[in-house]
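Take a look at the structure below.
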């Protein structure tokens, strides 16, 4: 163990009190300098001059050039004075001890922590800062970059369904305890407006009317509640609307809405009346989704027993029922100018029907190898699918193409919705969280032609701009671009790079 001749160990507390802080720091600095000097003399095999390394010319300027890289050891001199020191103009003849004391004094004045090997650390930190300067700047720029979507909403209770308001920046979150939380969303922050206690059991579906005046909810308690958005009061209660738990609800216009329960019963309601307009039971299992087109002539229902059933609203009877499928029909959407109906299944398949011909599908796409439980149309030809794997995927309809991953959750996705402008998607998962995804980039997405070459494997794993994950190809593309830029600015690269 190396000891310094001037080092003294205090024998009692009085001697400790007599030691000045500057003296302690100065002594530590002297030890540091002597250890560094001995280290240099004992390790001659690492001498840069003997190794043939280039020695920087000393022009008398003690200031540090920020363009030097830490990858070269020739910039390191443990005995050199710190360039940031106010005493950098002192004569070098003062020796290592004086230099150490000066350095120690400077550390105390600058309120920096003292410690051995401080000078070398200062030089090293400076070099690291220089080398990672671009990275740090990029990180700061990413932090300061304006958000393109609202931040995540986290609840204590399980979120069963979500729905955007048609006119205002409000989203409704239904929970398993029967409450509905209304949030005002913004790219900077989300604000809880109110919590409405509507049901005694799980609220399974929540929808706004087309004009946004009323909020409709259905529940496991077999009731349908209509809440006025302005007064926040209950407008109408359909108590025991079904004999079984109600699973889904669909709003047709400002007055009409339809409901489906766990036993396969479908009912059509009018807000201006007390009772249902009609009731039909053509299925034996849970109604998974209800939908209509803009004309509101046909009401379509998918069910867990593998049927697509269509009802004629005006005639108040069943129009047609599809052939049975050996899988649950879980979701659906209308595309291509109301000419195509696409149905998602529990086996990850997508079935396409020509409008009006719902007896059997005209096309089938394998889709993804995971159950599809949710589907929302983003544009007339692009759908977003979600399910148990926690990924939201975009798919081009007719012809089918996997466009990539829109967003991710750590757990299965429970609900999915798109706002009225079609620019923002919200999704909730079994982790009791709601995440937002900006999908405005789909507006500029070109149409896909039939027989166009594509790589299905890469498409299924491709991350779109809204995704929180990046693509490996993007990283290597950036490297290639940087190399090309370097070659363009390097005259010594060859005649091919010269203008």
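Every residue gets a Cβ built from N, Cα and C, even glycine.
Among the features that Swiss-Prot reports, region 'Disordered' is placed at 1-130 (among others).
Residues or ranges marked as compositional bias 'Acidic residues' by Swiss-Prot: 12-23 (among others).
Taken from Swiss-Prot, the feature compositional bias 'Acidic residues' applies to 31-48 (among others).
Positions annotated as compositional bias 'Low complexity' by Swiss-Prot: 91-103.
According to Swiss-Prot, the feature compositional bias 'Polar residues' maps to 113-122.
For 154-193, the entry in Swiss-Prot reads repeat 'WD 1'. Broken down by DSSP into helix, strand and coil, the repeat 'WD 1' (154-193) contains 0 helix, 22 strand, 18 coil.
The repeat 'WD 2' annotation in Swiss-Prot covers 198-237. If you look at the repeat 'WD 2' (198-237), the same-chain residues 6 or more away from its ends with a CB under 8 A from one of its CBs are 160-168, 172-180, 243-251, 253-254, 257, 259, 261, 269, 271.
Here Swiss-Prot flags 241-279 as repeat 'WD 3'. Taken through DSSP, the repeat 'WD 3' (241-279) splits into 0 helix, 20 strand, 19 coil.
Counting residues 6+ beyond its ends, the repeat 'WD 4' (282-321) has Cβ neighbours under 8 Å at 247-250, 252-253, 256, 258-266, 268, 327-334, 338, 341, 343, 353, 355, 358-359 in the same chain. According to Swiss-Prot, the feature repeat 'WD 4' maps to 282-321.
Positions annotated as repeat 'WD 5' by Swiss-Prot: 324-363. Same-chain neighbours of the repeat 'WD 5' (324-363): 288-289, 291, 293-295, 300, 302-308, 310, 369-377, 380-381, 383, 385, 387, 395, 397-398, 400, counting only residues six or more beyond its ends whose CB sits under 8 Å from a CB of the stretch.
For the repeat 'WD 6' (408-447), residue counts in helix, strand and coil come to 5 helix, 19 strand, 16 coil, using DSSP. Positions annotated as repeat 'WD 6' by Swiss-Prot: 408-447.
Swiss-Prot lists 480-499 (among others) with the feature region 'Disordered'.
Assigned with DSSP, the residues of the repeat 'WD 2' (198-237) fall into helix, strand and coil as follows: 0 helix, 21 strand, 19 coil.
With a threshold of 8 Å between CB atoms, the same-chain residues lying at least 6 positions outside the repeat 'WD 6' (408-447) that come near it are 148-164, 166-167, 171, 173, 185, 373-379, 381-382, 384, 386-392, 394, 464-469.
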